[in-house]
Every structure is written in C-alpha cells, then in structure tokens.
Amino acid sequence: MTQSEPTEQKRAGRPFPVSWDQFHRDCRALSWRLNELGPFHAVIAITRGGLVPAAIVARELGLRVIDTVCIASYEHDKQGELQVLKGVSDQTATLGGGTGKGLLIIDDLVDTGKTGRMVRSMLPDAHFAAVYAKPKGRPLVDTFITEVSQDTWIFFPWDTGLSFQPPLKDGAG
C-alpha cells in the first residue's frame with residue numbers, strides 16, 4: 001500500500017466550523033465596512049466560494065449587477081493548479097473601465113493568495129474583499145472580517161451537515 005500525500009485539510013490541522021448564522025453575520029459585517037468605501041458598480045463573485053457572500057453583500061449594498069469569475073483551485077480538499085473556467089464578462093469589465101475601478105470582487109476566503117493574484121491581474125483596480133483571510137493571502141485583499149491562522153481549515157456551512165461530534169477529550173480535533 002502506497003502512502004499518499006496528505007490533503008490540504010489534513011495538513012491544515014485546525015478545524016474552524018462556521019454556521020450559517022455566523023457566516024451571515026460575518027457577511028453583513030463585511031457589508032458595513034464596504035458600504036463606507038463605495039459606491040461600487042457591480043459585484044464579482046469568485047466561484048464557487050464567493051457566491052454566497054456576494055449575494056449577501058449585493059443585497060446589503062443594493063447592487064443589482066452581479067458577475068462571476070470561475071477559477072478552480074481545489075479538487076475536493078486538495079489544492080492543485082489554477083484554471084480560469086470563466087472570466088469576467090466584457091459588459092462588467094466595461095463598467096470598471098477595463099481595469100476594475102468601481103468593481104467589487106468577493107470571495108469567502110483568501111488562503112495562499114494564488115486565486116487572488118490571478119483575479120487581481122485581471123482587474124488590478126477593483127476592490128477585493130473576503131470574509132476570512134489567512135496570513136499568506138491577507139496582503140492581496142483590501143477588506144476582510146476575520147483572520148485565521150494559516151494552519152486552519154474552515155468548514156463552511158454549505159460543505160457540512162449536522163452530525164455527532166465527539167468530545168475533545170476523546171481525541172476530536
């Protein structure tokens with residue numbers, strides 16, 4: 001039996017479960033900060049993780065134009081090479097003058113910064129916001145709400161279900 005390389009989740013080590021209520025509160029807190037920095041012409045969600053926070057932020061800021069940039073970097077819980085599956089539409093890019101000025105990029109998490117760098121290169125003047133930030137990715141975002149350590153794995157509510165959790169004393173992480 002060959003030993004496989006540990007996944008990002010296993011290497012991260014520190015679980016950080018986030019409930020729907022907590023995520024919604026954090027997205028509203030992000031919206032409060034962003035409201036002072038606008039106005040913005042459109043929201044661009046980095047999919048898939050940025051879809052839910054983008055919807056909440058767009059509602060809170062009264063933005064009707066919502067676009068996506070689709071970049072794949074994780075396959076389940078293992079990070080791989082980045083792939084642009086869909087870029088920002090020409091219509092949205094035009095709203096930002098081609099450089100992103102007045103556009104708001106939203107993601108759930110900035111981790112290593114690889115995805116952020118790629119999107120930043122597409123729209124260098126856009127405002128980049130994330131709900132959560134890790135130290136390696138933090139310099140790439142303009143606004144975030146909560147910083148977690150680099151060795152933390154965030155369990156987002158759309159990736160989890162209700163189940164029994166053993167007590168910490170029994171070896172639960």
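Heads up, the Cβ atoms here are built off N, Cα and C, so glycines get one too.
As annotated by Swiss-Prot, 5-phospho-alpha-D-ribose 1-diphosphate binding site applies to Arg48, Gly49, Asp107, Asp108, Leu109, Val110, Asp111, Thr112, Gly113, Lys114, Thr115. Residues or ranges marked as Mg(2+) binding site by Swiss-Prot: Asp108. The GMP binding site feature in Swiss-Prot is assigned to Asp111, Thr112, Gly113, Lys114, Thr115, Trp153, Ile154. Feature annotation from Swiss-Prot assigns guanine binding site to Asp111, Ile154; the stated evidence is sequence analysis. Among the features that Swiss-Prot reports, xanthine binding site is placed at Asp111, Ile154, with the record citing sequence analysis.
Leu109 (5-phospho-alpha-D-ribose 1-diphosphate binding site) has a Cβ environment of 23 other Cβ atoms inside 10 Å. Within the same chain, residues at least six positions away from Asp111 (5-phospho-alpha-D-ribose 1-diphosphate binding site) with a Cβ under 8 Å of its Cβ are Lys134, Lys136, Gly137. Annotated pair Thr115 (5-phospho-alpha-D-ribose 1-diphosphate binding site) and Ile154 (GMP binding site), C-alpha to C-alpha distance, rounded: 17 Å. Annotated pair Asp107 (5-phospho-alpha-D-ribose 1-diphosphate binding site) and Lys114 (GMP binding site), C-alpha to C-alpha distance, rounded: 13 Å. Highest local Cβ density among the binding-site residues Thr112, Thr115 belongs to Thr115, counted as other Cβ atoms within 10 Å over all protein chains shown. Look at the residue listed as 'Mg(2+) binding site': DSSP puts it in a strand. Here the C-alpha separation of Gly113 (5-phospho-alpha-D-ribose 1-diphosphate binding site) and Trp153 (GMP binding site) works out to 15 Å.
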